[in-house]
Structures are given as C-alpha cells and as structure tokens.
Protein chains: 2
Amino acid sequence: MPGQKPIKVALLGCGTVGTEVVRLLTDHAADLTARVGAPVELAGIAVRRPNKHREVPAELLTTDAQALVSSPDVDVVVEVIGGIEPTRTLLLQALRAGKSVVTANKALLAEHSGELFEAADGTGADLYFEAAVAGAIPLIRPLRESLAGDRITRVMGIVNGTTNFILSGMDSTGASYGETLEEATRLGYAEADPTADVDGFDAASKAAILASLAFHTRVTAADVHREGIAQVSAADIAAAKGLGRTVKLLAICERVTENGSESVSVRVHPAMIPRTHPLAGVNGAFNAVFVEADAAGEMMFYGKGAGGAPTASAVLGDLVAVARNRVVSGRGPRESAYAALPVRPMGQTPTRYHISLDVADRPGVLSQVAAVFAEHDVSIAAVRQEGRVDDASLVIVTHAATDAALRSTVDKIGGLPVVREVVSVMRVEGEES
Amino acid sequence: MPGQKPIKVALLGCGTVGTEVVRLLTDHAADLTARVGAPVELAGIAVRRPNKHREVPAELLTTDAQALVSSPDVDVVVEVIGGIEPTRTLLLQALRAGKSVVTANKALLAEHSGELFEAADGTGADLYFEAAVAGAIPLIRPLRESLAGDRITRVMGIVNGTTNFILSGMDSTGASYGETLEEATRLGYAEADPTADVDGFDAASKAAILASLAFHTRVTAADVHREGIAQVSAADIAAAKGLGRTVKLLAICERVTENGSESVSVRVHPAMIPRTHPLAGVNGAFNAVFVEADAAGEMMFYGKGAGGAPTASAVLGDLVAVARNRVVSGRGPRESAYAALPVRPMGQTPTRYHISLDVADRPGVLSQVAAVFAEHDVSIAAVRQEGRVDDASLVIVTHAATDAALRSTVDKIGGLPVVREVVSVMRVEGEES
C-alpha cells in the first residue's frame, strides 16, 4: 500500500461540509489508506475567497475551479458548492475526462442527473451522491444496491430538517407558523431566506432523486408535485392533535398500478400521520425514511439529515467507494432508468383528506355535506360532529380518492350556505385507506 | 443486453429462502437483466432430496453440490443451506475457482470469514452476505461502504426475532419465560429446538459479523460474550416495567478507548432499556440496529429480520451487485481487518447494572449494602427503597463499572444476612451512564 499510487482528490467548495471533509481526510488518513488500498490525497480546494479559509492548508487553495478539475493529476472530484452553475459545467467536464465525481448537490441531481449520468457512462466514471439525500443516513446505497433485486413500491420520509423543526415546534407549543419560523431563524434552524426549505423545493429535489432510484425511472424536480408548509395553520395542527395525529412535511414516492399499467406518483406536501406511526416520533432536525418493497417488506432508516459532519461522513463513504473502484479498476452502479414509468399527475393520484368544518347546527347539514362527497364519488371513512353554542364542528376523514375529486369536493363544500368556514384541509398518510 | 453473455448462478439449498430466491429470479427476470446489464440465469439447484422440491424446475435440481459448484458454466454461487460443513468446503472451492459467492450463512461467516475472504482475495472473487444479519434490512452495505469514511463507535441492536418475540410477549402478558417460549413454539416463532436462538448463538454470530465490519477487525463467534434469555424471569420484566424500562436481547459492539489504546467489546445479553428508547418499540419478529459514528452521529435501521421473502430480497440485492461486478469486470469491497483491535474480555467491559433485592426492613440495611458497592469501587446512580409488611424492596441502578466489579458486588451482596433474596440482576443500556 505505501507503494500504491495515491488517489488525488479535487475539492470544490469549502463551507461547513467542505471543511469537515478536509478534517476527516486529514484525521483519518491512515484509516482511509488502509480501507481504500491507496493513500487518498487532496490535490486542491477551489474556493471563491481563499483568504476566508484559514482552517485548511493555504497551498491547496485556488480560485480556478476549472483548472483544478482539468488537472491530469486529479482522479476524483468532490463537489460541495451547491447550486446549478458553474457546478454543472465543472462536473460534466470532470466526468467527460473520466474523473469520478462525489456530490452532495440535490438540486443539480434533481434537474440534470440524466446529463451527468450520460457523461459518466461515456468514460466509465463513477457518480456517487449519498450526501444529497438525508445527510448521513445511508439511503442512496440501500436503494441503488441493497434493494436492486426487489420491487420497491413506496418511499415516504421526512427529508427536510428545517420544516420538521418548525412543524415539531408548532405541534408542541400550539404557536402559529409565522411565530415558529421566526424562532427557527433565530436559533439557526432556518436560513435568512427560508424559501428552499419551507416551500418544499429542497424536499422536492430529494423526492426526485429517491423516486428515480426506487423506480428505475428518470424523475426530475419538475415532475414532483410540491406544497410547502407556509399554509399550515395552528388550526390544522390542533385538528390533527384532536384525532391522535401530527402534521409532517412528507416526501412520498409511490408506484401506482391501475388497470395493469404502472406509473409513479412523486409529491411533497404536509400530511397528517397517526402519532403511533414511526415517522411521528421523528422530531427537530432528524430525518427518517420509510421504504416498502414486495419481498423485503417495510424498512425504516433514521438519522441526522444535515449538518457539516454528518454530510461529510456520507461524502467520505462515497469517496472511499470511488477511490477503491479506481484501485481495482472497477466501477460502481450506473444510472438505472430502464423502466421509464410515466409520472402520474397529482390530480390523478389517490390520496385521503381530513376536512374540518364549522357548520350551522341545524337538521340536514350533514346530509347536504355528505351529498357533495357522494356526488364526487368520494367515500367517507369517519365523521365526527360536535355541537357548540349556535354552530357545530364537523370533521370528516375520507377513504382514498383521486386528489382532483377531493379538491373539487372541498371547493363545493366551501360554497355551501350551511358551511361557515373550512377550518382545515389536510391529506392523511400512514394508515390503511 | 440481449447479446450480453448471461451470468450463471448455482443455488445451494432450496428451503424457505431458496424457494423465494428462485421465485424472485423468475418473476423479476426482465428487471434483473436491465439492472445487471446481462441476463441472470439459474445453472442448477443443489438439494438433498430432489423429489421434495416440486415448486422449482425439475431439470435444474441436482444432489451433487460439488459438481454444480465446480461447473465451468457457473459464475456465481448463492448459498442458503446454512451450517458449517459441507458449506464451508463448497464455498472455499467456489471462491478459489474465481466464482463470486453470495451467502446468508451467519454461523459460517462468524467462524470462518478469514479463510473465506482469503480465498476470495486470491482470485479477486466477490463475497457478499447482506442476508446474514438482520434479514432484509440493508445493514452490511451501510457498514461496509456508506460509513467507510467515518469512525464507528457503537453498533447495538435487536438481531434475533425469536427472542424478541418471547421478550415482547413476557412484557405484555407478565407470563414466565417457559410459558411464553411454549406459545412461541406453538405459533411457529420458535423452532422445536430453540437453543440457537434463546441461548444467543444466532445473535452472537451476527454480533461477530457486525463488529468485524464496524471496527475493521476480525471478530469470531468465540470472541463474543454470550448470555441467552432463559434466565430472564417474570420478576426481571416486572422490575424493568416498574422503572419505565423493558428487557431486550441486545447485540452490542463497542469501541472502548482506555489510556489511549483501543479495544472492542462484543457481547450478546439481555438488558433493560428505557421505554422511550427507539429500540424499545421494536416488537415481535422485527429487527432494528442502532449505529453511532463520530461524524455521522446516531442512525437506526429497522425492518424484517427474517423470513423467506425478506431474506431472499437481501440475497437478490447481493446477486445483482456481484453480477454487475462481473459484467464490468469490477469487484466489491474486500475484507477490511487492518485495524486488528484486541477484543476486550467481558470482565473488563464497562457496563451498568440494575439490582433488585428483598431485604430486611430495619435500620442499617442500606448502609451495609452501599458499603459493598463502595468497596468494589462501584458508584450508585439511583436507589429506591420501599417498605412492605416485614421486609423491604431495594432497587439499585449503578453507574458504569467493569462487569467483573459489578459481578463481585452482586455476589457479595447476595451473601449479606440482611439480604433475603436477589430478585433481579440485569444490565442497563441505552441511557447516559
């Protein structure tokens, strides 16, 4: 091994994750050499402002990412910059030159994975991305490899820590979305511009990546139905609590079989789940993902979904894998998109709704409301009506119906004269339909 | 791909798991071809009594496992026979001939992994074994690959479904071990001879495999301290309940650092864990494993630990991987035992005890008991004394001390005249020490 030619690594970006990658590469150098079968050495670190990175060796820093990536010395490119450009161009260049790529860039993968995989395929280079989804939790490798002999039917998880922190907070304090977001920002759990998290963009990118792997189909962020948490009200949370449920932002990837033909539904939206569901207990910044497969049954993966060290752990695991592949002249799994299943529009996706209404407390109200459900062919699973001084609370949980039918039902009910207010509308997941 | 030379598979054994492997290979043939990049075909199935296997194609059956394994046609050997011989000889023969091996055989791996890996290394063949631990739960691949850039400090899990079923049953009914084992046998959750499960042999084999991967050290079943569940009494379960805890049979692999030198502790024994611990909610035949690593933090993996289809799913995942490696002339990870850490004897392993005593209810009892702890340098974390008609119940939970010191303390306390009975002694895990 001391005689073995070192594997040279170009690191693109040196923020929270990059700094941890450098630290782990340095601290665990002897271990990594033994595990890879050759030394793993940094060839350079591309950053925008070298004088801001006093914690890494100055001689490795460069502002010329393009030159670093093109260097014939470099075997592997590790990318932790994020964003689409110039990252996309740099990684395509690396892959086309036969360099392996390890990336944590969910947004890039969710939009351009096809192009990146094709470039990798052209030269036989590896493209690994365990850190792109659910931080340190091994999830990509299990989906891409461990379950490669099975038929995955469903992947459902909490994959965004910021929104989970906010929803956990709203659940425990009863506070509004706005107040809780403010608190999360103050504590550093939400960014100054929280859009990517709270509007579900981050979770949608991850859902696209998970669906692509689970269903051997190229799914991009644009294919994902996306709803954020800004509309979740204290009333929604209270309604969930009253039913023994809690609200989570879920990324859901499902295989839907209808009349013998298969499609996939990929979506991100808040949903009520029973408090007894294993995902209900996942609080704060933790992530957890449920996977269901025909032969394997139900599995759950749980751990830290973000942060410098956990993300760097996932990056290093991939780096060891691609470096090992270099040493033995092997290669890891390629893109597997042969199934090319159609993506089902949200309107045609079967879901279940929980609807909470303020209605007039007089005879015939329930029959009027129930008639609207019947008219839309939506079957009711549970009803709870409670009288108050001069109105009543009516809570309805449906069986599964298409999302379009459920939406039309809610619209029409909202217009009924006997309905004073639609207090809360929320999808229901994690229980038998 | 239609032009690609098929990967030919020899299946050794056709019981519950083997039958499912054949079914998945047949049902998912087109998918597997696409995922591997070449067709995957059965070359033969070695069984003892061919006329007992009417559910698989008769022309594939043979009683001559040795001839099947030696056939130049065969690329991959999938072993689901179990036991040490003739399996060991057959797999060594396969690996030495350069054939890749996929096995679910925990007992064999826990005793002979060194020899098997050396044979694999000699020819560059793959040796995969995801199905050997925790059935369908991807655990081997995460430890062997995803966490290869991190430093794992602890692996703790429920890896035996039979004992978990029995302990869950005792916890919910209050029945004795004997009664619950009888029920488990009647329901098919325990075998007619339950020794391998209830005495912890099965869990110890799995602990040896997990510790080897986690600590890059060759650990065999003989290195594992093993205690089964036959001594767990209804009183132990009741004592745990009284403290908000539950009893589980745990496999624990720990990295212990003392005076700057590292060793590993690998053990299987019943232990009390808090009811709020995620492992406490793992009931019946499910398995779950907690992993802690320096950078990644805490992770949990949960799913079905046994059964034909889940185990076959794990076997198929490995089969796809080794077949893919054949197609691209690559190879998977080799044995990684470079760290060669010493295994710490149980007596020197730090643990915590819960001790429940029936004592005389008179002044000075607590001071006598406490003096024995002090004498052995064992620090007490919590004490609860409750008077009854003419005696008292004294419950003590210790801080961490060596297992040997704790055992001596218990022995000496049992001999004190004021102690009428040592009602329950159980290790405590899953909380801060």
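Numbers here mean position along the shown chain, with the first residue as 1.
For all residues, glycine too, the Cβ spot is worked out from N, Cα and C.
The C-beta environment of A:Lys206 (active site, proton donor), restricted to residues of the same chain at least 6 apart in sequence and closer than 8 Å, consists of A:Lys106, A:Ala110, A:Ala132, A:Val133, A:Ala134, A:Val159, A:Asn160, A:Ala251. Residues annotated as active site, proton donor in TrEMBL: A:Lys206.
The DSSP secondary structure for A:Gly18 (NADP(+) binding site) is helix. Applying an 8 A CB threshold to same-chain residues 6+ apart, the list for A:Gly18 (NADP(+) binding site) reads A:Leu11, A:Ile45, A:Val80. Annotation source TrEMBL lists NADP(+) binding site at A:Leu12, A:Gly13, A:Cys14, A:Gly15, A:Thr16, A:Val17, A:Gly18, A:Thr19.
Feature annotation from TrEMBL assigns NADPH binding site to A:Lys106. The number of other CB atoms found within 10 A of the CB of A:Lys106 (NADPH binding site), across every protein chain shown, is 25.
Mapped onto three states, the DSSP output places A:Glu191 (L-homoserine binding site) in coil. In sequence order, A:Thr162, A:Thr185, A:Asp197 are the residues near A:Glu191 (L-homoserine binding site), counting only same-chain partners six or more apart with C-beta under 8 A. Residues or ranges marked as L-homoserine binding site in TrEMBL: A:Glu191.
Residues or ranges marked as domain 'ACT' in TrEMBL: A:354-427.
Cβ atoms within 8 Å of the centroid of the Cβ atoms of A:Leu12, A:Gly13, A:Cys14, A:Gly15, A:Thr16, A:Val17, A:Gly18, A:Thr19 (the NADP(+) site) belong to the same-chain residues A:Leu11, A:Glu20, A:Val21, A:Val80, A:Ile81, site residues excluded.
For the binding-site residues shown (A:Thr16, A:Thr19), fewest C-beta neighbours within 10 angstroms: A:Thr16. For the domain 'ACT' (A:354-427), the model's average pLDDT works out to 92. Look at A:Gly13 (NADP(+) binding site): DSSP puts it in coil.
Take the CB of A:Cys14 (NADP(+) binding site) and look out to 10 A: across all protein chains shown you find 25 other CB atoms. Considering other CB atoms within 10 Å as the measure, the emptiest surroundings among the binding-site residues A:Gly13, A:Gly15 are those of A:Gly15. Around A:Leu12 (NADP(+) binding site), the C-beta neighbours below 8 angstroms that are at least 6 residues distant in the chain are A:Ile45, A:Ala46, A:Ala65, A:Leu68, A:Val69, A:Val77, A:Val78, A:Glu79, A:Val80, A:Ile81, A:Thr87, A:Leu90.
The C-beta environment of A:Val17 (NADP(+) binding site), restricted to residues of the same chain at least 6 apart in sequence and closer than 8 Å, consists of A:Val80, A:Ala104, A:Ala131, A:Gly308, A:Thr311, A:Ala312, A:Val315. Across the domain 'ACT' (A:354-427), DSSP classifies residues as 23 helix, 34 strand, 17 coil.
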